[in-house]
Structures are given as C-alpha cells and as structure tokens.
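Feature annotations, courtesy of TrEMBL:
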ACT_SITE  HIS608  active site, proton donor
BINDING   HIS608, ASN609, SER610, THR611, HIS612, ASP649, ASP779, GLN831  AMP binding site
BINDING   HIS612, HIS648, ASP649, ASP779  Zn(2+) 1 binding site
COMPBIAS  91-108  compositional bias 'Low complexity'
COMPBIAS  415-430  compositional bias 'Polar residues'
DOMAIN    264-328  domain 'PAS'
DOMAIN    532-873  domain 'PDEase'
REGION    55-108  region 'Disordered'
REGION    378-430  region 'Disordered'
Amino acid sequence: MGCAPSIHVSHSGVIYCRDSEESNSPHQTTTISQGTTTLHGLFVKTDAADSIPSVLAYQSRQPPPSAGPRRKERRESGGASARSRTPHCCSVEAETQTSSSSAKASAAEVKVGPMRLTQYPIQVLLIFAKEDNQSNGFWWACDRAGYRCNVAWTLESALECFLDKHQEIIVIDHRNSKYFDAEDICRSIRATELSEHTVILAVVPRTSADQEESSVLPLLDAGFDRQFMENSSVTACYNELVQIEHGEVRSQFKLRACNAVFTALDHCQEAVEITSEDHVIQYVNPAFERMMGYCKGELIGKELTELPKSDKNSADLLDNINTFIKKGKEWQGVYYARRKSGDSIQQHVKITPVVGQGGKIRHFVSLKRLHCTSENNIQLSKSHHEDKYTGDNSQPESGSYKCKNRRKDSVDVKSITSQSSDAPSLQSRRYSSMARIHSMTIEAPITKVINIINAAQENSPITVAEALDRVLEILRTTELYSPQLGTKDEDPHTSDLVGGLMNDGLRRLSGNEYVFSKNMNLSHTHLPVPNTINDVPPCIAQLLDNEESWDFNIFELEAVTNKRPLVYLGLKVFSRFGVSEFLNCSEATLRAWLQVIEANYHSSNSYHNSTHAADVLHATAFFLGKERVKGSLDHLDEVAALIAATIHDVDHPGRTNSFLCNAGSELAVLYNDTAVLESHHTALAFQLTTKDSKYNIFKNIDRNRYRTLRQAIIDMVLATEMTKHFEHVNKFVNSINKPMASEETSPHSEGSDTECTANIKNFPDNQTLIKRMMIKCADVANPCRPLELCIEWAGRISEEYFAQTDEEKRQGLPVVMPVFDRNTCSIPKSQISFIDYFITDMFDAWDAFAHLPVLMQHLANNYKHWKTLDDLKCKSLRLPSENNN
C-alpha cells in the first residue's frame, strides 16, 4: 500500500517531490511538468517553468534489462536516506554511495615518486540536453563503477554543479546542437581554474559506413580531451569511463599533487633552479630570486648561457661541470655567480640530473646557498639596502642568505662549554635545510670528514676557506686513490700501460665481438700424475725441495712437468700448510681439484697460463711464511689465500679487461664491464669445484665455514683487478703501515711483533687488507724475482700485449696500449714505467710490514738493469753482448 509522496522546497525555491521508497509501483517512475515539457523523475506542481532545477541526481530510474536485481538492491539500501536527504544547491545527491555497487569504489593509494596519495571515488558530471538511452548508459556505467554521478541539462546548471563538486570526469552530449552548443559549454568550463585537471569527454554521433569520420582537432581546440562514439551499451560506457580513470584521471591526479611540491619549493630557504636537458630555465623559487636579484619572469625560458657569467671561475669549470652532469652524475662544489646588479657572489652549488622518459636526462635541479664570506655579506647587504629604495619588497628572510656566525647565535650547551663540537651538530646549525637533508642519511666516514671541513670553514680567514674549498673539491671526486697522470707526451709508456690496466675500456665498436672458448679439456703430455706427494718423480721432487726459497725457479719446474707445474707445486705447498686437514678432504680429492683447475688455464697464453698461477701460489706461500704475516692471519685465511692464488687467473684468455669490453665479449656483457676477468675467474673456479664430488674440496666443511672461506677467496681474487690498485695500497698504508710506525716509535711501546699482530687480529678489516695486499704483491712480483726470472716474465707479458695489439688492429678495435707494438716497443721502458708506477710504492709498503730484504734487493738490481738498457736505447730484454753469450 503506497504512501503519499514527500514534498520538499529547496533553498532556491524549487518545489519537488519524491515517491516513497515503499511504493508498490514496479518502476517508481514519476514525471516533471515544466511548462509543456515532461521530464522523468519528479512531479512538480507549479507553473513557474524557470524554477525547475536543471541538475538532477537520479534517484529513481528505469534500469537496463540486465540491471534488474541491482535496481532492487539500490531501492532497498537507499530508501531511508532518500527521504531524509536535503538537496544541494546544484543537485539532489546520488544515493549510489550507499548501495552495494559503490562499496568497491573505496579510496585507492597512488604513488608519485616517494609521495603516497589517497584517491577518493571518482565523480562524474553528465551534461545532456535530454534524457535518452545514451545518458542512461553513462548513468548505469557510473553506478557499476561506483562513481558519484550528477546530471545537468543546461550550461548554467552545469557550471554551478562543477564549481560545487569539482568532478574529475565530465561527459558532454555533442550529438545535436539543437538544444545547446557543447563546445561553448566545454570552453566555459575550461575557463575556470578548477578545470585544469578535469577530463572532458565529447559524445559524438555515430558515422555511417560510407561517411568519412570527422577530425578531432575542433574538439581538442574547444577543450575536450577525448571523443566517444555514440553507444548506449552500459558495458561500452563503463569501459570508456574506467579507461579514463586509469589513464587521464590518474595522471591528472598525480599532476595535481605536484602543487604541494611546488609549494614546498616556494617556501624553501635554499635557492632552487630547474632547467631542461638543454639548460633552459624552467623554474626558480623565490629564494633564488632573492639571492640573484632577478624576477622569475626575467629568467624562465632563457638559456643559462644568456645570463651574465662571473669572471672569477676557472676557465674550464663550466666544461668540467657539464662533463660530469651529462654522464648522469651529481656535481657539487663552489661556483661564482653574477647577480643582476653585476656583483659576483660565491655559492655552494649542488646539481642533480633527473632521469625521465626513455631513461634520458630530462632536467637538472640545482640547489644553491651562499658560501659564507665577508664579501658575500657586503654584496647582499648592499643589494638589500638598494632594494629598500627601489621598491623591491622581495627581501631575503632573516638569516636565509646573509652569512653570520651561527655559533654565537646558538644557545647549544656544547658550543658554550667546549671549543670543539661534533661535525653533524655544527653543520645542522650552519645551514638549516640542506644540513637536515644530510643528517637524515647514513653518514659515511668521508661525509663526516666533509662536514668537519665545512664547519671549520665558517670562521676561517678567506685564504684558509679557499684552500679548504679546494680540499672539498678533491674529496668529493670518486677516484680518491688514483693519481692523476700528466699529458701523454710526458711518458707514453706509462700512460698507455696504466690506461690499459686500470680502465675498463668503455669505448664500443658495434659488430665486433671477441668470444674465447673455455679450455675445459686441455690435453697435456703423458707424464703420470702422482697419487700423493710422495709419488712425485725424483727430478721433480728434487726441484720442489727448494720451493720455500724466494729464488725458486718456476720455469725449471714448468719444463720438467711438461707445463703442468701447478699440480705438483700445489700438492707440495698445500701439504705444508695443512690444507687437506683444514678442508677435511682426501689428498686424492685435492689432487683431482688441482688437475681440473690447471686444465682450465690456457697453455697457449705466453704469460697468463698455469706457470703464472704456480708462480703466484709460490709467492703467496712465501709471504705466508713470514713471521708478521703468519701472526696476523688465521688458518682459514692461509687456506683461502692459497686457493685464491691457485684460481686467480683460471681460463684467462690472454687479453685485458679493456680489450674484452671494447670487443663486446660475452663475459663483458655478463659482468657489466666491471672486473670482468676477475669475476669470471672466481665464478668458474667455484663452478668447476662444486660440479663433481670427486674434486669438490669443500664438500666436507660446514656451511658457515664454507661461506666465510668463499667470501675471503672472492675478495682476494677481485683485489687483483688493477682499477682498484691505488685504493688497496693506500688503505694498507693508512690502516696498517702508519699505525704500526706510530707504535714502534712510541716511547710507551715495547715494539714487539707479537703485540702488533695481536692488535691486527682484533680487527678483521685489517686482516682483509693484509690478504688483499699479499695476493696483489704475489700477482705482480716478477720485478722482484732474480734477474733471469724477471727477464723471462718481462718477455712473456710483452708478447701477450703484442698479440693483443695485433688483434685489435685486425678487428678494427681501439688499441688499448699503442706502445705495445712489436715493431716499435721498448720493453725496458715499459718495465721501468711499470715499476715506477705500480711496484715501488706497493712493495715498499709490503716490505715495511712483512720485512722482505731479498725481494727489495732483487727489485733494485732489476730496475738498474732496465735503466741501463734504456740509457743505451736498447729495446730488447738484454744487451746485444749478453744475447750473443
């Protein structure tokens, strides 16, 4: 039994009525009489046609055939609120938010970079001249998607509703201009500021098959974002709306969030400048305007090159900055800028490249703050004084740019009670915003050093401050431990040698690939492999009796073992150091392992073959026998060092890392052009070892010991990579040599080796430095061997470099070391350069720790030999008279 309809009067004087939700009418449809016009939804008893509300939220609507059950659901869930709700100024609120269909439209989290935003259910405004199947289709599509929906019939009501609701999507009927001009409506909406992030869809009439589709350009010019070909299917309308939500609406939502970021930038005390990849100024904040004296309009759209430059910067500073940031690296340092007034000010500048679409740099963000000098204070005070008389009200905030003594203004207890304070606290008092950013990061030791220097600069004289600026520039570079070479004209041998060994060769030539085959099954001569160390043939055993001597001749062992010295020497050395006992493996397993490792060295290489591996193993064992080395390391360290020496060049192709990178080899691609060979040596060695139980020397040790051992082996092999040479040497000197020297010269120190090594054992990092230094010295110990051995090794490495140069020329690759041309190369010069640049300092440091007088004597003699040859302009290994003998 139906109830009487409820009558309401809106605040605008419109009279409307709504059927009771308990009506027995099957569809609950009522009508509106507006003059002679009939509209569905409401019945209004008035002759005032102008007072009919033009915006209606559909409360009772005929559902599509497939939506019958949903219609009943809406009535039941929305009835109570329908009777009690008061209409808004522009519409009667849709009741879909309380129905089951809208429950799925909950707030969603959207990410914009590091920001986390909440997007609430979408609101849609339908602007149609009249109700028809198309408007119904969009209504029910909104209902299915859980969107809030309003409908407007006129331009005025559409604007009123949009200004009140700020809908994300607007659908305008563009099918018939008889009732209203859709493009005028769109332009009117676009004229409001609120429409910037709104997506407007035009519903256009369907074209016949023989009719050409019209251009969308007039729609775009009018302000529409998309067009929708007339289709009253609820599913078609739903698909269109959902695509818009996940496409344009979500993108606009993210853009809208950028307003918060720009607000933060506008209130930031640091000067911020954003430019395009072509250095066109796109944004500056008010702090930048105050610092530089320009207005925003004078800067935006200009290239940086158009602005006046200070003549106080070094000539190549801008080129250095551009080179740095074009590679995607952040640059920071001190820079002189010229203000609009013509004054030069010194700034601390930090430029960060921003990578955008396509992985390319799209913007550069510069943070700038004044360097605290009295000159800057004078310039800013002067400009501030002038601004007061020129009517410029954009004055710097107090303390933002005028540099002053922060310590005197601070009430921090530490600064009152002590002359010294920790660096982070000084820095945080010094430059508020930037310092807070730094304090939020985990500080590395180098960061702490930079902070201390920054703090020391604050009250320093100008000459000291400038010197400290230079120190900071050096500290902020990445290659802190690599000496800077002079021009190539000074010493081409040194430049080429260092360049070839220390660079990864990042120049590429497409189409050239160098792929070497793994020497998995090398065949050797038929010399029987011993079952145990006691089964070694007498001639080999006699040579091995002398293996503990530094003057041990590895080439004689190479000859009598038919180029298999590694197995025999390995069995003897590993037995002496108790490797089998430590690994809990049989001597047979160890022998099989040595065989498979040696089989994967290339005997065709003149230098990087198993003889070199045996030589490095011998040197490592010799160093491990030294008292101070032995006392500083554990048994696990000794075993790891011996295994690392054995495998450190396995499967070496006889070419440098630079060659492999330039050739685009499979290994260079696999290891990203970084420590290519060293990574391959360790990876292959472990693959070979664990491949078969019969030569898996690690199979009987527990997991934790294995992991520790494995990490130590990997670390030592990677230390042989030459790009980190100076870093390893300098760390050893600073962490091992200098503290030891201080202890030895201290009047309170007893100076005993036992006390020194005990201190080293307490610091695992120091043990790591010793192991790295040990294998590095063992790897390049050739200049410290007896002269005849030194000469032989020099000839072998030169031949390998000659072969690489020959192949680079054949393949059209960049020649990494041009001086190693077999027709022109001076081997003595190359050896002198190698000793001067790599060997002398490293072995001086190692000798200071391990005490190696024999090696240092050989090094001096060998260097004298090479100098004599070079003085005589002799390019060979020996004097002609020595060759005849």
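Even glycines carry a Cβ here, placed using N, Cα and C.
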Which listed residue (ASN609, SER610, THR611) has most other Cβ within 10 Å, given these are binding-site residues: SER610
DSSP helix/strand/coil residue counts for the domain 'PAS' (264-328): 28 helix, 13 strand, 24 coil
Of HIS608, HIS612, HIS648 (the recorded positions), the residue whose Cβ has the fewest other Cβ atoms within 10 Å: HIS608
Env. residues of Zn(2+) 1 site, Cβ within 8 Å of mean position of HIS612, HIS648, ASP649, ASP779 Cβ: HIS608, ALA613, VAL616, ALA645, HIS652, THR720
Mean per-residue pLDDT computed across the domain 'PAS' (264-328): 88
Distant-in-sequence Cβ neighbours of ASP779 (AMP binding site), under 8 Å, six or more positions away: VAL616, HIS648, THR720
Cβ-Cβ neighbours of ASP649 (AMP binding site) (radius 10 Å): 24
Extent of the AMP binding site in Å [max Cα distance among HIS608, ASN609, SER610, THR611, HIS612, ASP649, ASP779, GLN831]: 22
Neighbourhood of GLN831 (AMP binding site) by C-beta distance under 8 A, where only residues 6 or more apart in the same chain count: PRO783, ALA794, ASN862, TRP866
Between the residue listed as 'active site, proton donor' and ASP649 (AMP binding site), the C-alpha gap once rounded to whole angstrom: 7
